[in-house]
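Some notes on the structure that comes next.
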């Protein structure tokens, strides 16, 4: 501070206040930390974003951005949405099912056809809903193409009168098809599941009563090319006892052609295989099953220990037994409440092998296929036909046995030459003279 005072000029010593000197211009290269404010005119339109500019360059329209008023009212709309959804879910109790429709018909055409053919009793306002299921287009096709419908539709009406008027249009021709219309709650003509199962059981019982035996051989298709006979045997072993397994293979590579056959001992096993699953009975393991094993191991260990004949060892064991608490007697395994082992039944699926869905069908027996192909039912095949039980044994017994007649082949006579010179000229055979000529 003293050095600065010495440098002061004598003019400033009279008590006058010193004026601050002008700041020298800064030569620093650092950026100034002063932030310049940007003026934004809210009255001007918002400039387009990068995405909007890309769309404009491609000649596409820019989607409208929601305003602030709409954004502020989103909360109120979210509150009203559940109520609106509930209203939409409430369908009209009056509706019809329309079938046998042409596959190119659209919802608009169906609605217009109903209104035009109702005679004024049905208006466009009375139709509350039109549902027309469509089929999926194949992948790689034209995306703009309209998918065809599945041939039927559901139409709901606001009043019962409109519903009845629409059902009156049933059997009306439209696009050269007679349209079928009925109430959507009516299931007349559809077979019940219980009736179908009962009919199948009756048919099976009738077949057994008549003595017709079901086939024990099945055809298995859609096999992988790496499938072997052992794979097919192990896969269908759960269904029942197998007689033989045959996988069709290529002659050059030996790989599977994609199909094969499995022959079972019983027809019931083949029937389970065709269904795609078999019911397997398994025992349920309980806690006692796992607790009994260590107890049996301890008993075996104590029995295996050698007996010591010394008296001292006996006395020491007696003392240890007195000091230690006596173990509780081990109880045997308690059976189930009903006195039997608990068993559960579960499904063992056989409809897939090596990641492929199998095509399983009943195949004809060897004998019935032979008779069907060659139309033969003589005494030679009578025993096999009776064993197969396919009803061909009676036909085989009625037909007489075929008698094979051996026919001698026609032999053309030949001329024998008496002279060797003639035989050489004509090529005719020489008569046998009882001599053997050998050439060196």
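Heads up, the Cβ atoms here are built off N, Cα and C, so glycines get one too.
Because TrEMBL annotations are produced automatically, they should be read as predictions rather than curated entries.
From the options 351-375, 376-400, the stretch TrEMBL describes as region 'Disordered' is 376-400. Counting residue by residue with DSSP, the compositional bias 'Basic residues' (50-63) contains 8 helix, 0 strand, 6 coil. In the domain 'RRM' (216-285), helix, strand and coil residues by DSSP number 16 helix, 29 strand, 25 coil.
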